[in-house]
Amino acid sequence: MGFRKKNKSPPVLSHEFVIQNHADMVSCVAMIILLGLMFEVTAKFAIMFITVQYNVTQSVDERAEQVNLYQYGPKDIATVFFYLLIAVILHALIQEYILDKMNRRLHLSKTKHSKFNESGQLAAFYLLSFIWGCSILTAEEFATNPTFLWEGYPHTHMVFQVKFFYICQIAYWLHALPELYFQKVRKEDIPRQLYYICLYVFHITGAYILNLHRLGLVLLVPHYLVELLFHASRLFYFSDENKQKGFTLWALLFVIARLLTLTLSVLTFGFGLPRAENQGFSLAKGNFNVLTIRQVIKKTPVIAWMMWKFINFQLKKWREHSQSQASKKKAFSPKSKPHKKDLARVGSANGVVKSDDKTSPRERKAKAS
């Protein structure tokens, strides 16, 4: 991991050297970009990496003041790259100073250790993104007017918070790709993590490019809340396996969030956008309101895949619970009393023969005399 002191240093530029010092190397690249602001020749290039680009000033009819709005463009790739570097550094800090210390106390196995690190990193990201997304939505009109999801489409202009939110989201999920190598993720876990990372990159970038950032933001906030609860519950489960109540609440909220996602998607692509004034396809105007794109987005089987994963997870938890309950019943069940015939067989085997005579020893002695 980055920032970790090692007694034995591996060969320079070897795999182990890169893995141990990747955060330091990334920090040097970020510092070079920041130092570019100090010189006039390189300042215009450094600003392209650090600040949000494509700002447009518009004047509001009702007010005399002007509002700064933003669009997207090719220069956003440089901004995403810089904040990808920042995400790698923050990832290493959380891993080194929080998760590794907790792992030493818990003494987890290798499998649980890998899942604990994954849930710890994602829980921190989901918490920050959920709070940030809620703060943006409070300033929007969605609470009182859900039609703002499709009214006035294409939504080519964004406020600073919305654009910076999407830049950071894309940068974080792109940084998760090299982290599979830096964190030495197990081979059997790579396909699963790679699958959901690519899904996040595809959908968030798609909402950003297709000017559907309003719908994307509204769908991301409840989704991140559900994922935050799941990974927090998994962290508590690894610390104490008896703490499983969080998974029950997560299962309930998961179904509600999927229903909300399905409802808003159908309303937007089946009711709102088909009736919008601006119909047609235009790259220059950022208009993608055509039937083909709407049908492709509606028929994307992501919700079905998530429900399938959810059902499989619940079935797995149910099997584990039933197996643990069965083992407990076997351990605490009262021992069955042996039959009289079994006792007689055991006694005869040991050379002791029990008589069926029920008279007392004195009576038997008197009869014998």
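Cβ atoms are placed via backbone N, Cα and C, with glycine included.
Database features (TrEMBL):
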TRANSMEM  80-99  transmembrane segment
DOMAIN    114-321  domain 'TLC'
TRANSMEM  120-139  transmembrane segment
TRANSMEM  159-182  transmembrane segment
TRANSMEM  194-211  transmembrane segment
TRANSMEM  217-237  transmembrane segment
TRANSMEM  249-273  transmembrane segment
REGION    322-369  region 'Disordered'
COMPBIAS  327-342  compositional bias 'Basic residues'
COMPBIAS  354-363  compositional bias 'Basic and acidic residues'
Would you kindly check 120-139, 159-182, 194-211, 249-273 and say which stretch has the most C-beta pairs under 8 angstroms to the transmembrane segment (80-99)?
159-182
Quickly jot the same-chain residues contacting the transmembrane segment (159-182) by Cβ under 8 Å, restricted to those at least six beyond its ends, or write none.
1, 18-19, 22, 52, 67-70, 72, 76, 79-84, 86-88, 91, 125, 129, 132-133, 135-136, 139, 190, 193-194, 197, 200-201, 204-205, 207-208, 213, 216-217, 220
By Cβ distance under 8 Å, which residues at least 6 away from the ends of the transmembrane segment (194-211) in the same chain are close to it?
72, 153-156, 166, 169-170, 173-174, 176-177, 180, 220, 286-288, 293, 302
